[in-house]
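Working notes for the structure below.
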Amino acid sequence: NLYQFKNMIQCANHGRRATWHYLDYGCYCGPGGLGTPVDELDRCCKTHDDCYIEAGKKGCFP
């Protein structure tokens, strides 16, 4: 969810940039996702997206 996304971004960037700067960052931070993550932060967003996809397959929508 967006609250978790905000916390993840703040932890990853140590508060250097506002969270909203990352709503359209790389290939996976923000809605959708396709391709190869551009860096560690984008890879973290991909992992988060993948987790939601797997949870949805099991009928769980956190």
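Including glycine, each Cβ sits where the backbone N, Cα and C put it.
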Legend entry - Disulfide-bonded cysteine for Cys45 as listed in Swiss-Prot, from Cys27, Cys29, Cys60: Cys29
Legend entry - According to Swiss-Prot, which candidate in Asp39, Asp49 joins Tyr28, Gly30, Gly32 at the Ca(2+) site: Asp49
Legend entry - 8 Å Cβ shell about Tyr28, Gly30, Gly32, Asp49 centroid, Ca(2+) site members excluded: Cys27, Cys29, Pro31, Gly33, Cys45, Lys46
Inset, instruction - Go through Gly30, Gly32, our binding-site residues, and report the one whose Cβ sees the most other Cβ atoms within 10 Å. - result: Gly30
Inset, instruction - Express the distance between the Cα positions of Cys29 (disulfide bond) and Asp49 (Ca(2+) binding site) as a whole number of Å. - result: 9
Legend entry - Where Cys29 (disulfide bond) falls in three-state DSSP terms: strand
Legend entry - Count of other CB atoms lying within 10 Å of the CB belonging to Cys29 (disulfide bond): 26
